[in-house]
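Scroll down for the structure; my scribbles are underneath it.
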Amino acid sequence: MKPNPKTKSMVQDMVKEGNKEALKKCFSSRMEFGTAGLRAAMGPGISCMNDLTIIQTTQGFCCYLEQSIGNLKERGVVIGYDARAHPPSGGSSKRFASLAAAVFISRGVPVHLFSDITPTPFVPFTVSHLGLCAGIMVTASHNPKQDNGYKVYWENGAQIVTPHDKGISKAIMENLEPWPESWNTEEALKSTLLKDPYQDINTEYFKAIQKHCHHREINKKSEVKIVHTSVHGVGHTFVQSAFKAFDLRPPYAVEEQKDPDPEFPTVKYPNPEEGEGVLTLSFALAEKEGASVVLANDPDADRLAIAEKQESGQWRVFSGNELGALLGWWIFRCWREQNSDAAAVKNLYMLSSTVSSKILRAIALKEGFHFEETLTGFKWMGNRARDLLDQDKTVLFAFEEAIGYMCSPSVLDKDGVSAAAIAGEMISFLATKKISLSQQLTTIYEEYGYHISKNSYFICHDQAVIRSLFERLRNYGGTKDSYPTECGRFAIDAVRDLTTGYDSNQPDKKAVLPTSSSSQMITFTFSNGGVATMRTSGTEPKIKYYTELCAPPGNSDVSHLKKELDDLVDAIIENFFEPDKNKLQPKPQ
């Protein structure tokens, strides 16, 4: 493979047109390698995803692995990719994956390179299943079509955490000059060091998730109709296979969206978390076929959204927190059916991120298993799950509010494929009792306490504004660490700042969870039982907020709880975000 002429041509055009702003955007600052790897637009320059920056990144990662893991050349790495492509720059996930493979092969490292597109969960599964040193997934998940990304997994099968990101970043900067063989994908693809794991992993993955099928006879007889969309991503084939592995009736596929298409032509944002706008075609197909449930994966199939038609005829799109409650309840119920030993529950764990609903904590308190919260992101939950598994604990389930679920310890990351099959079985089981998902969710809240949440975000491209917004909250009273004591009519009992490491609830005022000065994250606990977290996104220009009001079992006045939470959110937006003053754009409707 020769250096890409298209990116060169794009730069020449910018120079010819005197487009200084575009040149500055492409060349002013290098993409920063973090725990989420890389994510940026495809295009020329050090700010973008292109052949050169992929080679530089992979050279750094390869060197870091050589320094960190002694038997890299015996064990090797796995590389997967989604269907993204950017014709103007010539960049594509497949091309980037081939370049990454060439880098490793040039150093004598065996590479398991998938011969076709795969869901992201296949990469961590392969790392664990084959005992590899690392994994790379080339994907930008649900980002806009011009973006791509480079996601990294460590030998434990989980995403990397600090200090690996710092070590890899340093190694990248020490290896910016392309090695002679790094461009030579033709030779690399003929190398005896290259293997294709596609067929083997396709078989072994579905074998592994079959262990989580508990009601095969019900599944075989089920007449429940389900619609599935992969939103122009990679998920269609794999979700069909997952349903088959569970003996479930195949879901109806949304024809216009089932095949991979890097243009994402039918949606404004290829993100099922955005709700009804992404699901319009799914609802139309469901109405036509008489289906009552819609499942939607994001383009790399690591996340899952679910919607259900209500008695009113309206569609309800469940939040990630609501689906976490349903899947957590279901997975524990299936475990309990098969385990009569009362003491075994003490060995069980469920996890969720700190910005997600605490419904699992409420279930754990009543049922006797352990619940733990981690920092935001599956990198933390995956690594914690690995630690617990190494201590012979059973990790049943982990979730985050951003529609991510880990339903099987064979993948230490979110997995929308296994989650789709497990949700399909839960829906089929409930149908035999004539219970809808909405009705079951109400039953869960009645038993364990209502957990009402409201999450959203503002868009802000100005880092100075974001810093100023959070610094104002840290100096609210005019001095350092003088955080707000109230927000409108709501009194604040405690503040935790995971950017600075401050926690007013701890005797020494130091936060227990890990802190990071490179991201913004403040949590307020209110005297009415409400909790609100404000944080920046690691991959998008967003300031997010997550709020939840938890009521004890027996308090079923849902309308009052919702009104109280709505008022709290309004107060937070008005007093802490100040959207007009800070020129923040609200979430698109």
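Cβ from N, Cα, C; glycine included.
Noted in TrEMBL for the protein shown:
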DOMAIN    31-175  domain 'Alpha-D-phosphohexomutase alpha/beta/alpha'
DOMAIN    204-309  domain 'Alpha-D-phosphohexomutase alpha/beta/alpha'
DOMAIN    320-448  domain 'Alpha-D-phosphohexomutase alpha/beta/alpha'
DSSP helix/strand/coil residue counts for the domain 'Alpha-D-phosphohexomutase alpha/beta/alpha' (204-309): 44 helix, 17 strand, 45 coil
Residue distribution over DSSP helix, strand and coil in the domain 'Alpha-D-phosphohexomutase alpha/beta/alpha' (320-448): 76 helix, 21 strand, 32 coil
Whole-number mean of pLDDT values that fall within the domain 'Alpha-D-phosphohexomutase alpha/beta/alpha' (31-175): 97
